[in-house]
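Note sheet for the following structure.
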Amino acid sequence: MGPSCPVFLSFTKLSLWWLLLTPAGGEEAKRPPPRAPGDPLSSPSPTALPQGGSHTETEDRLFKHLFRGYNRWARPVPNTSDVVIVRFGLSIAQLIDVDEKNQMMTTNVWLKQEWSDYKLRWNPADFGNITSLRVPSEMIWIPDIVLYNNADGEFAVTHMTKAHLFSTGTVHWVPPAIYKSSCSIDVTFFPFDQQNCKMKFGSWTYDKAKIDLEQMEQTVDLKDYWESGEWAIVNATGTYNSKKYDCCAEIYPDVTYAFIIRRLPLFYTINLIIPCLLISCLTVLVFYLPSNCGEKITLCISVLLSLTVFLLLITEIIPSTSLVIPLIGEYLLFTMIFVTLSIVITVFVLNVHHRSPSTHTMPHWVRGTLLGCVPRWLLMNRPPPPLELCHPLHLKLSPSYHWLESNVDAEEREVVVEEEDRWACAGHVAPSVGTLCSHGHLHSGASGPKAEALLQEGELLLSPHMQKALEGVHYIADHLRSEDADSSVKEDWKYVAMVIDRIFLWLFIIVCFLGTIGLFLPPFLAGMI
């Protein structure tokens, strides 16, 4: 008989199994002869078993009895048309990570599987009342349940733990596994987001006519779940599905578990949201700083630089995806535009603040709106001008006769009186003497009836020195009036700058408030806060 003969090969395999399973000693003579591969399984006669054997020997005999001629590659059904019903359940031990960038969820789970194998039945009374036995899973038939939406790593179970056999033929197998499943991450409401990640389990090669799945429980077992510091499992339910794929004509069953997980936002609130709100508040305070303060533009630039550095630091925190813009990303972009606009507006306000009549002319609409109605709407009350500015300068410097009389030099006054008397006798006015009326008008060289009329009206005749002095006084008065007018216009420009600052102060407060509400309101309405 050649080595290629099937009978010889079968005999060789049985001999090897017998040598491996037979303990040392002379037990071979007490064992029943090996069965042929085609013989049906039958329990040995109780009379052939030693009655006083130990539990270890009994378990050893049971092991040999079960796997004598057992084929682990064939489905455990009496007829090929029968269906193996696999009861499937899932228990999660830990939610390890949710990778937003690579769109996958890493979990540590236990796959609970249970089916019936008619070839692994025995009568407990024949084997010392042993009702269950634990055997290596590599020695029995196991369903090829895999994770359909696997993203990285092994699709099937890699750690082949032992299976638990029962005398009724029921096989219970709970292997642990670490899976990286694909998950469509939606970071629209980050960091107040809620994700729906699914895990789809099913047989890879057997269709529904060969293996059918049945759920042990409708929900995922969370009894042994270790709480995550970043995510909380809101709900985890399983559904049974049957689907026909394009590759095959058969229908394949699967059990899909949907994990509703919610991100815990405390870390991002402390390290992301609150700093953004504080930077926005600093931007608002820029418009409350007086324009004559030299640190106004410095504060704007400092806020912008701090925001830029802050954005560089949090690039690793924000999910790096281009599918959608996270809500916090929109808020950061809004804050950046907010600060940039504040710098532009501050430069414009400083330009308005330092305007003068020599460089700019204030338009009438600016004077009517920004100096008239707008301050009243903003509840701004401009203080009235000082009291001395309300009276013209020439009223205080009125060159009346009595005023001049009290200030003219006594010697000069005597000379003037002598000249008046001397020329009055002749009926003339002194030619070298001018006159000053009580209204401040200077007349020089008046004579004849006109001079007499002027004297009757109370005019004072002045010398050339007094004439020059009064001209100087008038020049100074005109110059002071011009300076007062220029100063008034400058103050108007400064007040216009203050009004513009106040307008943007309220505008930025409203925009900052609405932006903050826009950050928290959508996830609040969606029930994520």
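Think of each number as a place in line: the chain as shown, counted from 1.
Backbone N, Cα and C atoms are what each Cβ position is placed from, and that goes for glycine too.
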Residue pair Tyr148, His364: same membrane side in Swiss-Prot: no
Long-range Cβ neighbours of the transmembrane segment (297-315) (under 8 Å; 6 or more residues past either end): 271-272, 275-276, 279, 282-283, 285-286, 289, 332, 335-336, 339-340, 342-343, 346-347, 350
Predicted model, mean pLDDT over the topological domain 'Extracellular' (27-264): 86
All-chain count of other Cβ atoms within 10 Å of Asn235 (N-linked glycosylation site): 12
Of Asn79, Asn129 (the glycosylation sites), the residue whose Cβ has the fewest other Cβ atoms within 10 Å: Asn79
Intrachain residues whose Cβ lies under 8 Å of the transmembrane segment (503-521), provided they are six or more past its termini: 192, 273, 277, 280-281, 283-284, 287-288, 327-328, 331, 334-335, 338, 342, 345, 349, 374, 378, 529
Asn79 (N-linked glycosylation site) and Asn235 (N-linked glycosylation site), Cα-Cα, nearest whole angstrom: 41
Pairwise CA distance, Asn129 (N-linked glycosylation site) versus Asn79 (N-linked glycosylation site), rounded so that it is a whole Å: 30
